[in-house]
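Working notes, structure below.
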């Protein structure tokens with residue numbers, strides 16, 4: 001489909017809008033995301049050392065309980081309304097780590113709480129995070145399939 | 001209100017963490033990840049500081065590696081547990097180092113079954129067992145059992 005030509009008024013308006021548009025502070029946002037995301041990762045590292053020290057987890061196996069704990073902490077922080085403030089400040093820094101996953105689940109659950117436990121919370125809780133779970137499970141399946149095939153071919 | 005809630009959360013979390021503090025029964029191994037330990041190799045069978053022999057030679061061989069800076073060795077009969085720490089910026093080559101080290105040790109010291117690991121947990125447990133053996137605080141049978149448990153830790157994947 002051919003792109004419609006813009007009229008002079010439209011072009012002028014675009015120029016005017018461009019002049020008044022607030023510039024996004026990309027470098028500042030990146031720095032904030034880096035610092036807050038890094039802080040989350042530091043906490044995660046401390047938690048994994050805690051599990052290594054006091055429980056029978058090795059570096060190989062400590063990932064699962066650490067992720068679960070981080071998600072749990074994110075759930076609590078979201079429930080108390082603290083995570084939203086962190087999210088506003090840090091942007092992607094709070095969304096990319098596994099805590100963002102916990103936030104996505106609990107915020108959807110809180111949002112639909114009034115619609116009931118089954119049709120509200122149950123059916124909407126994974127509205128945002130469901131795609132992440134499906135993607136993770138499916139990609140794990142594909143990788144496992146490829147590995148198995150290579151293993152069979154390689155003997 | 002919010003500050004009070006945060007403080008309560010922090011207090012609960014600290015309480016939860018401190019509850020587990022009594023689980024570790026050694027004191028030195030608690031800092032083994034932060035400090036360099038390099039303890040003398042120990043043999044469960046002798047339960048004394050090992051004489052200049054295989055263990056010392058193995059330790060010298062391992063510490064020669066540029067990627068490694070801390071080694072602990074525990075021997076149990078023909079099995080030898082070699083746990084080490086890798087320099088931080090060399091951790092990307094962890095797998096290759098482990099593979100090469102196992103190959104080199106097997107080649108140089110025939111007849112010994114090496115369990116080589118750079119895992120922190122295995123290092124901690126090895127330091128703890130090494131210390132207990134050095135201070136004669138553990139019976140031989142129990143030491144063997146602990147050795148077996150450490151080896152089993154290495155096999156765990158999930």
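The backbone N, Cα and C atoms fix where each Cβ goes, and this holds for glycine too.
Listed in TrEMBL:
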- A:33-54: transmembrane segment (TRANSMEM)
- A:66-83: transmembrane segment (TRANSMEM)
- A:90-110: transmembrane segment (TRANSMEM)
- A:130-150: transmembrane segment (TRANSMEM)
Intrachain residues whose Cβ lies under 8 Å of the transmembrane segment (A:66-83), provided they are six or more past its termini: 40, 43-44, 47-48, 51, 94, 97-103, 105-107, 110
Close approaches to the transmembrane segment (A:130-150) from elsewhere in its chain (Cβ under 8 angstroms; 6 or more beyond its ends): 101, 104
